[in-house]
Amino acid sequence: MNKFNLVTKYAPAGDQPQAIQSLVNGINTGLQHQVLLGVTGSGKTYTMANVIQQTQKPCLILAHNKTLAAQLYSEFKQYFPDNAVEYFVSYYDYYQPEAYIAASDTYIEKDSSVNEHIEQMRLSATKAILERNDVIIVATVSAIYGLGDPEQYMQMLLHLKVGEELGLKKAQTKLVEMQYSRNDMDFSRGSFRVRGEVLDIFPADSEKDAIRVEFFDDEIEAISVIDSLTSKKLKSLHRATIFPSTHYVASKERKEIVIEDIKKELKERVKYFEKEGKLLEAQRIEQRTKYDIEMIQELGYCTGIENYSRLLSGRAPGYPPPTLIDYLPENALVIVDESHVTLPQFGGMYKGDLSRKSNLVNYGFRLPSALDNRPLKFNEFESLLPQTIYVSATPANYELEKSQNTVQQVIRPTGLLDPEVFVRPVAIQVEDALSEINKAIAKEERVLITTLTKKMVENLTEYLSEHGVNVRYLHSDIDTVERVQIIHDLRHGVFDVLVGINLLREGLDMPEVGVLLIFDADKEGFLRSEKSLIQTIGRVARNQNGRAILYADVVTKSMQKAMDETLRRRKLQDEYNQKHNIVPKTIIKNIDDMLDSSPEMQKRAYKNNLRLKVDDVDVSAILGMTEATKVIKALEKRMRAYAKELEFEKATTIRDKITEVKQKFINL
């Protein structure tokens, strides 16, 4: 059994040792709910990593957005390089859900763009949690959305073993049932190809490695891992397990039962509409559902098969759908990061989904069973949680009331104090901001500015730019990858000032930022509540010179509470430093490591590395004419690129490789 192995140069310090010990004791004594109340920059992620190391429990970490999830994923990848650290977020780059607007009689068909790399990582996550114990999955709200049933999923595995009697034809049939497609021309994820008695499978959960199975009659003679692009053999295996290409799979027998269940439900629904005099709806549901049934019979799936997920899993009406949480073993640990934001987000998903789906059901676009393809209700989510740790600098009343053990982590290992807080009048906020920015730039510090509206973000950015400030803005219209890149560029000093609204709060790690400016701090509300202000002020707590300036004409209750709490923590930290002779020092994490190990950036790096594999292609590993043609095209593309870059020696080497492939396979 694989064990978690925490790799780090640092020992726990500050409040970390007592926090780790208290949380571990709580887990070992069976406490269900604990809270880690840790100030910004106190090393909460490192504390989590130590708890996982000491308890040796598989762990699901929940975050409230992709940016924070990517940061957590990259940090845990560094802490546990020898273990399975996985990433489970929405795989849609673009998503327009199916909907019907009754007022205008408008049906909007589902339209989406799936990110294949993220889809592969989701499949990799469920595979890892089913195969091994040393697994950490970092997930967003996607964790509570319907997924294929784990029991059905496990029944559809293809087990391969050297010396086993299986047969090439039987293996292909099984792969098709698992939603793999045969493609001898374009060997890509979720497909297989056959050359003589050699079967190559590109597992849907694999990023670049494929499995080669060699048969002798019906017996498996050899199994090996190959590079999917070059076909170069990487290592031999005695056995291998292939997981389905999608989470929504079922056996042939189960599909036959499902089809009968769909027909039965359709009959009842048509009867209901006809009785109500809704003949258009009756015709619509019959036509659409019969088409889906035909697709399932012919291909094994249909567009929108997730709407039949309750029938596929055999669950009763109203039962919670299977989700990622169902894939977790009983001894798993759940950590909810930034719980004061994450839990309300999870709680709000069900009702929004229900109102949209109800229209589809009421007007004959979907059967009533589609209502059970949904996110979990909050009480269902609560009931499914194993032992849980809520992590936040500002936990909400819900977590504090649930908690059987609340652990405070106020002292930072770095000795850093909470920032100084100043209040200045609103009338001078723009001019004063410009003055503070110039002072910060002179000290090579970065500046964050938070405002209340998108319009103000853009106007302020334009104003600062006109006054010679190198500035960028960040708001909800900017996609995940660009957001990560913007934060990376700020830390690198590509620009000096970042303006935003609510995207500068939880979890973002930017120790280079020394000044925070909060515009209109006295406007009571969601973005200027006590907890929001504490979180926002925390963005400059990782810098030894960190200071926050609140622009306000009156000091609101929220402002006063936030300033009092910041001062309380600052005094405790200062006393600890004096007692232990600690001098506060900014700790700068490696910027490129954090960026490069995020999933979106890994995808870019993988594409850049493909050309290196093409250059290194093993001619002896090429199977047949089709693959040879594909390799020649890739090599010719690289040759032209090298020639364009005036790298003629490399271009000549590639030309010789092309000649070698042609001589072997095409005889030219």
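Glycine is treated like the rest: Cβ placed from N, Cα and C.
Swiss-Prot lists Gly38, Val39, Thr40, Gly41, Ser42, Gly43, Lys44, Thr45 with the feature ATP binding site. According to its DSSP assignment, Gly38 (ATP binding site) is in a strand. The Cβ of Gly38 (ATP binding site) lies under 8 Å from the Cβ of Asp15, Ala19, Lys44, Thr47, Val391, Ser392, Ala393, Gln408, Gln409, Val410, each of which sits 6+ residues away along the same chain.
What Swiss-Prot lists as domain 'Helicase ATP-binding' is 25-413.
Taken from Swiss-Prot, the feature domain 'Helicase C-terminal' applies to 429-595, supported by sequence analysis.
The domain 'UVR' annotation in Swiss-Prot covers 629-664.
The annotation motif 'Beta-hairpin' is assigned in Swiss-Prot to 91-114. If you take every residue in the motif 'Beta-hairpin' (91-114) and average the pLDDT, you get 78.
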DSSP helix/strand/coil residue counts for the motif 'Beta-hairpin' (91-114): 3 helix, 15 strand, 6 coil
DSSP-derived structure type at Gly43 (ATP binding site), helix or strand or else coil: coil
Those binding-site residues listed as Ser42, Thr45, and which of them has the most Cβ atoms within 10 Å of its own Cβ: Ser42
Protein Cβ atoms within 10 Å of Lys44 (ATP binding site), excluding its own: 23
